[in-house]
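Here the structure comes first, spelled out in structure tokens, and everything after it is commentary.
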Amino acid sequence: MTKNSSNTMALAPSTANKRETICIFGTGDFGRALGQKLIQSGYPVVFGSRSTKTSSLIPRGAEVLSHAEAAQRAAIIIVAIQRQHYSFLTPLAEALQGKVLVDISNNLKLDQYPESNAQHLAQLLPAAKVVKAFNTVSAWALQSGTLDASRQVFVCGDDMEAKQMVMDLVRALGLTPLDQGSLLAAREIENYPLQLFPMWRFPIFLSLGLTIFFFLYCLALDIIYPYVYQKKDLSFLIAISIPNKVCPVLALVLLGLVYVPGVLAAILQLWRGTKYRRFPGWLDRWMLCRKQLGLVALAFASVHVLYTLVTPIRSYVKWRTSSQVVSQALSNTTEPLNTTNAWLSDSYLALGILGFFLFVLLGITSLPSVSNSVNWREFRFVQSKLGYLTLVLCTAHTLVYGGKWFLVPSSYKWYLPPIYMLSLIIPCAVLVVKFVLILPCLDKPLTQIRQGWERNPQYSE
């Protein structure tokens, strides 16, 4: 206990310059990168290896000893090897007794083994104190000084003193330790680096599906229909015109989908009369990925802005403009300014500019570096109040653009509505339901429910 206590004191960031020696089993990329980081932080480092020959790859200032000799030199031993090679540790059980073993291994796939690597290590060496850490930090992040990577290090272990020693070590390296509890959490920690954009899958797959649908929809109405009935080859519209229709439609639809789960959750809470019953799993997952949906929507809106900016330099637009000028010159006529169309055009552009500005503001606020600097009320005001205002402006932008074509029969090709009409379904439905929910007769009981009031208290059990 005395030795471990001294280790704890030696590893605290605020101690004297002399730090406790750290042992690393393994001379791979991560082991060398971690050793270099430890040396830069003032820790003496000794590597335990099968070969005690010094290599140019080993960080300067580190010693290379046999596993048994290296284990005797340090109270904390970082096991930087894969699980399939743990068997060499069994003969070292006596030398590792009472030592803190930091398991940093990862697997090749999720839930590859019945138990986590850290639990397996603890079973092999029951006299040692196993702590899981550093598996979510890459060798590149350590070499680059963690300036461009996550500083968070998940830590878990059954021995509180050993876990605190490792967390102090993490802090001394300029990283942020996050205590995840007992060693039972190691399985989840080991699965974390193997997850490929878990919160982005639904938004990406949904946006891809909607992109394909709306692209084919525009292809049928704008390319195939004129060719079949008018023998016009308008295939060049595929490059800019059709994408410039699909992108704003997707941006508006996805923005509407960001606020659908909040509306559904409010309706469920009013119906149930309590906030203590869990939402359906699909609604929970939907609510958790709203940020990602909004960022994908912002990406489509940004592409729409770029396509719109290049519109004046397109050959088709130049040809159409020059044709109109020549036609008026030949006929010696000038079309008078239609103030109604001028108002509609300016209003359409103004609503689009304001909507996109607020859209960008929502995206910036969702960044961790920004959201961490505002309090909850400020964040909620931006994401909720300004978010709905953004949805209103973008919906109005679309309505002003194509509202006059709602009752024109020629706009319904093959009895199908123009694409912008489809984009208005979800946003308009969300705004109508939200307007109903803010009526005093519904808003007051909903506020009470969210403050803890229940219609049937038995649901809280």
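Cβ atoms here come from the backbone N, Cα and C positions, even for glycine.
What you see is a predicted model, and the numbers here were worked out from it, not measured in a lab.
Summarising the annotation, TrEMBL assigns domain 'Pyrroline-5-carboxylate reductase catalytic N-terminal' to 21-107. Marked as domain 'Ferric oxidoreductase' by TrEMBL: 249-394. Per TrEMBL, the feature transmembrane segment maps to 204-229, 249-271, 292-310, 347-365, 386-407, 419-442.
As a quick check, the transmembrane segment (419-442) and the transmembrane segment (292-310) miss the bar of 3 or more Cβ pairs under 8 A, pairs 6 or more apart, so the two do not touch. Counting residues 6+ beyond its ends, the transmembrane segment (292-310) has Cβ neighbours under 8 Å at 199-200, 202-204, 206-207, 240, 243-244, 247-248, 250-255, 257-258, 356, 359-360, 362-363, 366, 394 in the same chain. Listed by sequence, the residues of this chain that lie at least six past the ends of the transmembrane segment (386-407) yet keep a Cβ under 8 A from its Cβ atoms are 248, 251-252, 255-256, 258-259, 301, 344, 347-348, 351-352, 354-355, 358-359, 361-362, 418, 420-421, 423-424, 427-428, 430-431, 434. Secondary structure by DSSP for the domain 'Ferric oxidoreductase' (249-394): 122 helix, 0 strand, 24 coil. Remote same-chain residues near the transmembrane segment (204-229) are listed as 197, 235, 237-238, 241-243, 245-246, 249-250, 253-254, 257, 293, 296, 300, 413-414, 416, 418-419, 422 (criterion: CB distance under 8 Å, separation of at least six residues from the stretch ends).
Each residue in the domain 'Pyrroline-5-carboxylate reductase catalytic N-terminal' (21-107) gets a DSSP state, and the totals come to 29 helix, 19 strand, 39 coil.
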